[in-house]
Amino acid sequence: MHVFRLKGNFETLDAYTPLLFDLGARGLEEKPGEVWAYFPTRLELPLPGEWAELPDTDWLEAWRRDLKPVRAGPFVVLAPWHRWEGPEQRILLEPGMAFGTGHHETTRMALEALAERVKPGMRVLDLGTGSGILAIAAQMLGAWAVGVDNDPAVIPQARHNAAANGVSPEFFLGTLENAHGVFDLIVANLYAELHAELAPLYPTYLVQGGHMLMTGILSERERLVDNAMRAQGFESLHRRPEGEWVHLIYRKP
Ligand SMILES: C[S@@+](CC[C@H](N)C(=O)[O-])C[C@H]1O[C@@H](n2cnc3c(N)ncnc32)[C@H](O)[C@@H]1O
């Protein structure tokens, strides 16, 4: 296992987390004064840090030991070895394979927003599905969910996770333009610049009155996304800041 060591902690390096996963990190771990990002292969990274080598078992064991269940709205996200007695609805995920274990604020806020807004029978698109967690949650809430991702590595993982939870959203490789039909709700944990770029396309894939749940947005870039959404005629329904992140909800009039 290859580890990329960055100076700082989860808080100071939080803004880099989605990028590290986008670039192929299989997991992150906080060490004294450093964050370690685990990669299956070494690659050129546009970030300050240095590479080191670890035997595979070290990081796997550390990862399993440190990973805690995550509660989000009516859900609790569990790894297969966790035990949980609470009344929450369980989402079982094999962690470390794709972004979306519920440990990141952006995923957690999206889970909570889905629980508030998804009604049985709705058609939901999860754009940038990663582990499939948001499509799985939407399906558990009674929706017909579709998850799309442009990373071929995550699609089998999302399908595996869905099967482990007894649900079967449709997952496919691609991006927004490859989605068929219109949706009552789109949930997207991307990043501000990509949301702004995709904003002109979002209305095509939403029914009238449909909701756009947008996460992965650093607060300092909120304006960029908000301007792009308003330019398309979207009505802002809700904003929820948490730490450096903001979760935004819009309605297509
Ligand atoms: C931050 S992760 C979100 C994973 C999961 N939905 C969650 O909320 O935890 C972003 C995902 O979006 C995917 N992605 C990035 N750009 C994309 C694009 N243009 N179209 C589709 N998927 C994209 C990445 O491969 C990654 O799996």
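Using the three backbone atoms N, Cα and C, a Cβ is placed for every residue, glycine included.
Residues or ranges marked as S-adenosyl-L-methionine binding site in TrEMBL: T107, G128, D149, N189.
In the three-state DSSP scheme, N189 (S-adenosyl-L-methionine binding site) is classed as strand. In the shown protein chains, 25 other C-beta atoms lie within 10 A of the C-beta of G128 (S-adenosyl-L-methionine binding site). Residues near D149 (S-adenosyl-L-methionine binding site) in space but far in sequence (CB under 8 A, at least 6 apart, same chain), listed by position: G128, T129, G130, I155, A158, F171, L173, G174.
For the recorded site, G128 (S-adenosyl-L-methionine binding site), the DSSP three-state label reads coil. Sequence-ordered, the extra residues of this chain that approach the S-adenosyl-L-methionine site, with Cβ no more than 8 Å from the Cβ center of T107, G128, D149, N189, are F99, G100, A110, D126, L127, T129, G130, I133, L134, A188, L190, G216.
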